[in-house]
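As recorded in TrEMBL, the features of this protein are as follows:
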SIGNAL    1-23  signal peptide
DOMAIN    25-199  domain 'Eph LBD'
DISULFID  CYS67-CYS181  disulfide bond
DISULFID  CYS103-CYS113  disulfide bond
DOMAIN    317-421  domain 'Fibronectin type-III'
DOMAIN    427-525  domain 'Fibronectin type-III'
TRANSMEM  536-557  transmembrane segment
DOMAIN    610-871  domain 'Protein kinase'
BINDING   ILE616, GLY617, VAL618, GLY619, GLU620, PHE621, GLY622, GLU623, VAL624, LYS642  ATP binding site
ACT_SITE  ASP735  active site, proton acceptor
DOMAIN    900-964  domain 'SAM'
Amino acid sequence: MEPRRVILFVFLFICRIFITLQSKEHVLLDMRASGSELGWLTSPNEEGWEIVQSVVNGSLFYTYSVCYIDSPEQDNWLRTTYIQGPPGTSRFSVELQFIVRDCNTFDGASVACKETFNLFISEADADVGTSFRKGQFRKVATIAPDEVTRGKGVKINKETRTVGLLSKKGFYLAFQDMGACVALLSVRVYYKTCPSTVQSLAAFPETVADALKVVEGSCVNNAVSQATPRIYCTSEGDWVVPVGQCQCLPGYEAKENSCQECKQGYFKPSESNELCQVCPDNTKPSSAGATECLCEDGFFRSPSDPPTSPCSARPSAPLDLASTTLSGEGRLMLSWSPPLVTGGRSDLTYSVACEICDEDSCVPCDEKIHFETGPADLQDTTVVISGLDSHLNYTFTVESRSGVSEGNAEGAAATITTALDYTTPPKVTSIHLDDRGPTSLSLSWTLSRRPPAHINHRYELMYRKKDVDSESDVTTYTVLILEKNSVQINELTPDTAYMFRVQVLSPEGMPGSFSAEHEFQTSLLAESQTQNKPTVVMGAVVGVAVILLVVVAFLLLRRRRLCSRGRGGPEDPFSTDQIKPLKAYVDPHMYEDPNIAIQKFVKEIDPSAVSKQKVIGVGEFGEVFRGVMKTPGKGEVTVAIKTLKPGYSEKQRQDFLSEASIMGQFSHPNIIRLEGVVTKFKHAMIVTEYMENGALDTYLKDHDGEISSYQLLGMLRGIAAGMKYLSDMSYVHRDLAARNVLVNSNLECKVSDFGLSRVLEDDAEGTYTTRGGKIPIRWTAPEAIAYRKFTSASDVWSFGIVMWEVMAFGERPYWDMSNHEVMKAINEGFRLPAPMDCPSAIYQLMLQCWQHDRSKRPRFSDIVNILDKLLQSPESLKTIADFDPRVSIRLPSTSGCDNTMFRSVSEWLESIKMNQYNESFARAGITTMEQVLALRPEDIRNIGVRLPGHMKRIAYSILGLKDETSSLSVFAV
Ligand code: AMP
């Protein structure tokens, strides 16, 4: 046995190293670790397996060996102590380390020598002690060495067997030797677990490694997952294939298998495995565990901004806001530059608002105004606006907005007050031949845009014979300055080609660009003789020559520019003083048969083309309807239809239609346009353009205080231009009054009411004078009242009264003074006082119109010029004429009375035509005149008086009531 002991010793030494090995194994039995007798049973008891004790490094340990190779029939058993079965698993492993001696190394090797031994197991629910029965064991495996040991080179074999499907609480192992030389160095019985672990922020419990099985875990603190996290535990004790992911809550980040709070100054907005981020720009530093970083004061996020985005400042106002008038009707372009502060955002947009403002208040522009790319959410820094009125001043507010602009609250905005700029004249786009004779050509032309009603452009027409002078340096042109966009040129050479071109001149005489040259030819003399008869006849009948200023200019082509620059100067041959109308008005009474005048000047309309819709007024001869007229080119147009009431006499019919034959001679944007007449029908009708806002006096009364002085001035300018046209046509109106001016939806004013008899009969204001005939006294110049001297100068007086009516919002001139009192006052030098809020310059012009000496009154051309100048410099309207409420609001005849005479608040409100506020005053508890006298301007607003004009009227009246002294001084000029 000696050599065997040596070998075993060497074995033990080598095996020391295994003792220190760690594993995730749970050891049920470890032969080596046992520091004492193992207590294993051997059978037979004395022979067979024997225990060998060794001390290595001061520690005692045991091995078992057996080596009966010479004697056959060996059956040596070695049984372990009772091993408590592995909990929760039916499998365990047995790891054996052993040495088997090569049978060949024994001299005269025995045939009985074996090189294997057997492993057995016996299950038992309890320790059976030393009772050992082989029959209770079942064989697990035959253990064969990989290498046998020969000589000194010890070969340690290691073999692991998995034993499964145990059903009892514990078991015994047994080793059967049947004639081998074996040393059992180590027996380890163990089972494996997958250790508790944290994977992907999910914690999994330690799990016995059995067959491959799925284990459910749970998220670590401050982490969540949508599905239960799972992982597989292999039979080898390895975790594989984690399924499902836990994510740290907002404000936490994953670090070392746990979720930890974000540090100060960091944030994490959502459930994710991302790391916390540094707070973005313009935010306040966050505290630990922050889910967002709040914006610094003055910085914001839009609702759609993610919390990771920086905060931005609200945009500042757009810069360099400017407007440019565009070609086309009423079009203007606003442009601006982006604001200084954009907040670094890409969602910067602009919105544009349009208002019409006076000094006190603004009203939104009406719906006609169209923003071509919409008024809001503009990304461009331009917008084209159309549908603008040429006589209005618009205030545009362009506001910068971005995602951080506050709800509907206003953002930073730039404002511009502007009007269409028509100082640049439109262009003549084409010239048409309307009629021709051997010595005459009738031409008309069209413009690139329609000039606004209040701006009267003139035209410079140049023509020359086509083939003459073409070789020469010098071209002879004939130049005409014209008021209308049509002309008849006479005294031409028959059958000759002429070249024409036209340019538009602004009211200031600034020329636009020339049209292309157009060629037209006069007819042959023979061809015309029959054709031209009516013209000749008409010429004879009319007896009024069409006066044209014909200037033959010898213009060197290269000097043409110089000449045009000088145009308008005092010695300029084309200055306005020399402009003459092309036509003069023809009194229809000049015709023996008035029907001829109608045929001549008026278009006959087929009765089936007009249909009446609604009564809109009553004239002297019958009702006035709004209706529609079918026209071949334009479809249906809205028109006004004046009717002749049934039972008329032939004289009445002629008088009725005479208005049409006068109107038919006019063509001006400020004169009501005649569409035509229906005469071949029992009920004669006069069809005119429809004026949506009706008569001016009513319109103004209805809009008292709502229209700015500038707009009122624009309206007056239109009336003055219409009157200038009429006076240029040598037509005297005789009944110019706000009631005879009509207003359309663009607030363009047009003079109407041209009946021949109207001055005598039609007008309700007409008063029989001592010399017979009816005259509207309040509107009529003294010389016309006194000796029927009706002239354009008397029309100018009436225009002055219209100015007063307009500025006083339809107030009746001279209030309820009697006609007699009015005439007396006028003759004594009194004049109407300035209406409330009337710019001084306008009142001065009124006073000029009321000069007693008619030659001192301005002409309509002067009036148009003055009004244009005022319109061009609105600041000139800032000075307001002196106003005395006691004169203007109270009746002059009562203004000398005690101002405290009002017995009630409603009586007082009635006197100043503000009785619509009766209820508001009562509701506010203002029931006595003492309370009225104590009112301050802000109290008036609080009572519910919002319109600036009304506020002023009431405030002025209170002012007047407070001042006991009454005076008519302002009334005197
Ligand atoms: P007249 O006989 O011209 O004085 O017209 C009587 C009333 O009819 C006027 O005061 C207006 O209210 C109305 N009226 C007349 N002509 C027109 C028109 N062209 N457009 C709109 N209303 C009109």
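Glycine residues also receive a Cβ, built from the backbone N, Cα and C atoms like all the rest.
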Mind running the recorded positions CYS113, ILE616, VAL624 against ligand 1 and keeping the ones whose CB falls under 6 Å of it?
ILE616, VAL624
So which recorded positions out of CYS67, CYS103, CYS113, ILE616, GLU620, GLY622 end up within 10 angstroms of ASP735 (active site, proton acceptor), measuring C-alpha to C-alpha?
none
DSSP, reduced to three states, assigns CYS103 (disulfide bond) to helix
Looking at the binding-site residues VAL618, GLU620, VAL624, which has the shortest Cα distance to CYS113 (disulfide bond)?
VAL624
Kindly state the mean pLDDT of the domain 'Protein kinase' (610-871) in the predicted structure.
88
Integer Å distance between the CA atoms belonging to CYS103 (disulfide bond) and VAL624 (ATP binding site):
143
Compute the mean position of the Cβ atoms of ILE616, GLY617, VAL618, GLY619, GLU620, PHE621, GLY622, GLU623, VAL624, LYS642, which form the recorded ATP site, and then list in sequence order the other residues of that chain whose Cβ is within 8 Å of it.
THR643
Fewest other CB within 10 angstroms, which one of the recorded positions CYS181, VAL618?
VAL618
If one measures from the C-alpha of VAL618 (ATP binding site) to the C-alpha of CYS181 (disulfide bond), what distance in angstrom results, rounded to a whole number?
144
Going along the chain, which residues six or more apart from ILE616 (ATP binding site) have their CB under 8 A from its CB?
VAL624, PHE625, ARG626, ALA640, GLY694
Could you round the CA separation between CYS67 (disulfide bond) and CYS103 (disulfide bond) to a whole angstrom and send it over?
10
I'd like to know which of the recorded positions CYS103, GLU620, GLY622 sit within 10 A of CYS181 (disulfide bond) at the Cα level.
CYS103
DSSP state at CYS181 (disulfide bond), helix/strand/coil:
strand
